[in-house]
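K.L.:
Let me give you the structure first, and then I'll get to my questions.
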């Protein structure tokens with residue numbers, strides 16, 4: 001009986017076909033080494049490179065969508081919980097039955113103070129925290145603090161609500177500054193992965209042309225703010241599906257309200273102290289808060305699991321190595337830049353207009369006339385209008401840069417002037433379509449404002465060494481504006497509209513003046529970013545041609561990083577030619593690797 005041939009040929013032995021396989025290559029000990037360990041014969045390097053960078057681009061898109069969804073869920077949970085909490089705590093019966101003489105209004109006032117006052121100090125610590133933790137981990141920690149604020153509402157006491165509100169206030173500016181920095185970095189990465197052939201031709205140390213990432217930045221900012229503005233609609237889901245079933249109608253809550261709109265004073269003067277027909281069961285409240293907590297936890301997982309790093313590890317090291325004292329000072333030194341000084345009024349107005357939409361327009365014009373039960377639908381109209389109109393930021397791909405930003409300011413200007421002369425009557429539903437129209441149009445202006453400013457900052461400040469400082473300054477001024485609105489909440493509506501109008505006109509005029517200066521060729525004065533000073537001399541600082549160094553290092557030159565490293569030049573040659581004695585020969589001390597190989601440096605190579 002003839003033996004069957006083995007399923008797999010034995011290594012080193014001739015197979016059934018002899019000493020050569022079907023391709024004519026010798027088998028066994030005679031086989032050439034290149035055929036065994038060499039490249040795959042059908043390997044297409046160009047095709048594999050194209051697939052690699054396509055995966056990289058898809059990864060960038062995944063990062064943008066995950067960061068946008070995480071920010072939307074985080075802010076939506078925060079706003080929804082805060083709104084439901086303030087409505088419940090406003091009701092006299094709810095306070096007396098559930099909390100007795102615990103002083104819930106005082107706790108709420110201190111909680112709001114913690115949320116609005118604490119961000120004023122954010123300029124002192126935000127850049128340090130972003131550089132210390134990194135952009136992605138700062139986002140994750142800030143979202144975790146928002147989740148902590150949600151969790152404290154399971155046990156509403158002074159020692160839970162107030163400290164968590166202070167912690168939340170500390171996390172507001174770091175979260176949104178790191179988000180803005182993250183989206184800008186993703187646009188720059190997408191450009192690098194889309195034009196990798198040009199990068200190879202120019203060399204790894206050559207920076208891309210200025211403004212080259214602007215089209216991708218416009219698209220990514222439009223995506224981010226489409227998600228962000230949806231957070232206002234998500235925040236109304238607890239109201240629509242839960243709290244609205246317990247509210248009195250407008251004839252009860254607005255019984256003593258006399259003036260609305262431009263004639264109103266403070267926030268809902270004369271509003272009834274009881275707004276709940278029946279008190280919600282504690283079990284139902286726990287279910288709603290558990291759903292909100294789960295959504296906050298989902299936002300944390302999105303940022304942690306799906307968001308990639310904004311910088312390479314070596315770039316993170318270089319960003320930290322400029323010195324913590326310099327990191328602390330650089331946001332203040334950027335005041336020298338006339339572009340930032342001209343944009344400060346727009347930063348302030350950006351905070352004013354969002355708070356006016358949520359308080360002045362929604363409460364002073366909306367709730368005051370059509371009742372608390374329609375508050376959620378007004379804010380949903382604002383949210384959907386802003387989210388859909390964020391795509392209008394893409395007009396910057398074809399129109400001049402100032403057009404979208406100035407168009408948003410012009411729309412808000414018309415709406416503000418119209419609101420100056422409109423005082424809707426309380427408990428009247430005939431004009432409710434006007435309220436929805438104004439809310440949608442205000443959302444359109446907000447979308448143009450937010451996308452325009454963030455895109456403008458990403459275009460004007462392309463250096464990755466200073467982007468976190470710029471977005472920190474932007475969101476800090478927004479926090480200052482929100483604090484100002486908090487202080488002036490008791491002012492008459494006409495005074496609020498006047499401040500809003502003056503700030504809007506000043507911001508538009510200042511921005512156009514800045515653009516005029518740039519067209520005239522005025523060079524902005526930017527603070528110098530110090531070179532990284534690496535205390536640890538690791539392997540990445542041993543080679544002259546260092547592939548891991550940052551772009552800034554590559555432009556400045558130097559041997560493998562900042563400071564005087566292992567390959568530092570010991571004597572600087574004088575300029576050629578120079579009369580006098582012969583110049584000293586340039587000598588470079590050999591690196592430790594070269595010493596270990598017994599060489600004296602590049603002279604032996």
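The backbone N, Cα and C atoms fix where each Cβ goes, and this holds for glycine too.
Pulled these features from TrEMBL for this protein:
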type     : residues : note
REGION   : 1-33     : region 'Disordered'
REGION   : 534-605  : region 'Disordered'
TRANSMEM : 60-81    : transmembrane segment
TRANSMEM : 111-130  : transmembrane segment
TRANSMEM : 137-155  : transmembrane segment
TRANSMEM : 161-183  : transmembrane segment
TRANSMEM : 216-243  : transmembrane segment
TRANSMEM : 285-311  : transmembrane segment
TRANSMEM : 343-363  : transmembrane segment
TRANSMEM : 375-398  : transmembrane segment
TRANSMEM : 405-423  : transmembrane segment
TRANSMEM : 429-448  : transmembrane segment
TRANSMEM : 469-489  : transmembrane segment
TRANSMEM : 495-514  : transmembrane segment
K.L.:
Spell out yes or no: are there three or more C-beta pairs under 8 angstroms between the transmembrane segment (495-514) and the transmembrane segment (343-363), with each pair 6 or more apart in sequence?
P.N.:
yes
K.L.:
When only pairs 6 or more apart in sequence are counted, do the transmembrane segment (60-81) and the transmembrane segment (405-423) reach 3 or more Cβ pairs under 8 Å?
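P.N.:
Contact criterion not met.
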K.L.:
Relative to the transmembrane segment (137-155), which of 111-130, 285-311, 375-398 accounts for the most Cβ pairs at distances under 8 Å?
P.N.:
285-311
K.L.:
I'm a bit unsure how to read this: which one of 161-183, 405-423, 469-489 has the highest number of Cβ pairs shorter than 8 Å with the transmembrane segment (343-363)?
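P.N.:
Counting Cβ pairs under 8 Å, the winner is 469-489.
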K.L.:
Count the Cβ pairs between the transmembrane segment (161-183) and the transmembrane segment (469-489) that lie under 8 angstroms and are 6 or more residues apart in sequence, then report whether there are at least 3.
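P.N.:
Taking Cβ pairs at least 6 residues apart, the transmembrane segment (469-489) and the transmembrane segment (161-183) are in contact, with 3 or more under 8 Å.
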K.L.:
Relative to the transmembrane segment (469-489), which of 111-130, 285-311, 375-398, 405-423, 429-448 accounts for the most Cβ pairs at distances under 8 Å?
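P.N.:
The stretch I would name here is 111-130.
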K.L.:
Would you mind listing the long-range same-chain contacts of the transmembrane segment (111-130), meaning Cβ under 8 Å and 6+ residues beyond its ends?
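P.N.:
Hits for the transmembrane segment (111-130): 138, 161-162, 165-166, 168-170, 172-174, 177-178, 181, 324, 327-328, 330-332, 468-469, 472-473, 475-476, 479-480, 482-483, 486.
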K.L.:
Quick one: do the transmembrane segment (405-423) and the transmembrane segment (429-448) have at least 3 Cβ pairs under 8 Å, skipping pairs fewer than 6 apart in sequence?
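P.N.:
Yes, these stretches are in contact.
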